[in-house]
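Participant: Got a structure for you, questions after.
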Amino acid sequence: MFASALIVFRETLEAALILGILAAATRGVAGRGRWLGSGVALGFLGALVVAGLTDRIAGLADGLGHEMFNAAVLAIAVGMLAWHNIWMARHGREMACDARQLGRAVSSGTLSMTALTIAVALAVLREGAETVLFMQGLLSDGGGSGSLVAGGGMGLAAGAAVGLALYAGMLRIPAAWFFTATSGLILLLAATMASQMARQLMQADVLPSLAAPLWDLHTVLPTDSAIGILLHSLVGYEASPAGIQVLFYVTAAALILAGMLRVNVRAPVRSPDYR
Amino acid sequence: MPRTSNRLTQSAAFLVLLLSAAFPARAADDVEVAVAIRDHRFEPAELRVPANRKVKLLVENHDATAEEFESHELNREKIVPAKGKVAIYIGPLASGRYPFYGEYHDKTARGVVVAE
């Protein structure tokens, strides 16, 4: 039971942390529960569909279908997070400064919230599909499946609890730092996904590894240690990343940051028309 | 936000260009190594591969349940569906031992890639 709890926990953790960060970042946005909730629901449905289609996906592209699928999902998620962050760079401060602006800013921010909903859905879909496959395996293996499923439930609850703890922790960040902290974390999430995308494409031999590994910190901080797993999910830590992953990570982070700085400089503080 | 979507279009176009440029680079003379999963075990459990060469690992799962091939040392992670067959590119590797395992049955499904 403990083993299955641990595996489900690990699969859930990443999606839960992403959800925690995005929930904190949209604090005060009217109807955010509905946006994020539908993201989770859509992602869960998607996970069931993807799990059901696993054989088909795996067989595509000469046995490399999963890499292509994951890379596409990650690319879209990176785009959505980037979009949201750049939009928030322009409108987030005015929203934080003046609560009365909120209603209007949010109605014009529908697109940005849609982007977040999609990002949440894709995160849940990716991790969820693996969890579904694992649980399916447990069920068809039989033998004490009841306790194994209970273990899965425990893992899910534990993952959700960590996400919730992160959310609660982020709400304690002082207002002056809040915006910088949340958009900084979202920026790193997007960079992390870009690096994961590079890994998928490298695994499929579409991209060269450049240098594998670029560095090796297995003895210092293994990726599968508790801190390693947490840092991996939050900021994309890997003990021995390939050069191409680091390249994608840094490039994505730099591009999004440049986009945020650019709109922030160009935008008048209270532009009523963001389009 | 026409500017943003324009930039997105440009990035997408660039990505497609990058991918299509990378595809023909695939070498025809890949080293292929096969490994099977039976009763939640890898057969053979030890895979000998040449060092400093790219290797195409062909993983065939004979079990009725899915498995996840995982290795921190190889920096690889991939679902192998029930009764399914997938490919995983690894390396080029420096000489050494690189353990891997099946995450869904990690008590039994253990193996190692030996690059030499």
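Cβ from N, Cα, C; glycine included.
Automated prediction, rather than curation, is the source of TrEMBL annotations.
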Participant: What range among A:1-24, A:145-168 does TrEMBL describe as transmembrane segment?
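Facilitator: Of A:1-24, A:145-168, TrEMBL gives transmembrane segment for A:145-168.
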Participant: When only pairs 6 or more apart in sequence are counted, do the transmembrane segment (A:106-125) and the transmembrane segment (A:35-53) reach 3 or more Cβ pairs under 8 Å?
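Facilitator: As far as Cβ distances go (cut-off 8 Å, pairs 6 or more apart), the transmembrane segment (A:106-125) and the transmembrane segment (A:35-53) touch.
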Participant: Who are the chain neighbours of the transmembrane segment (A:175-198) in space, where the CB to CB distance is under 8 Å and they lie at least 6 residues beyond its ends?
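Facilitator: For the transmembrane segment (A:175-198), the far contacts come to 18, 21-22, 24-25, 27, 70-71, 74-75, 77-78, 81-82, 84-85, 88-89, 92-93, 96, 207, 234-236, 238, 241-242, 244-253, 256-257, 260.
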Participant: What residues in the same chain, six or more past the boundaries of the transmembrane segment (A:35-53), come closer than 8 Å to it by Cβ-Cβ distance?
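Facilitator: Residues 15, 19, 22-23, 26, 29, 69, 113-114, 116-129, 131-133, 136 contact the transmembrane segment (A:35-53) from elsewhere in the chain.
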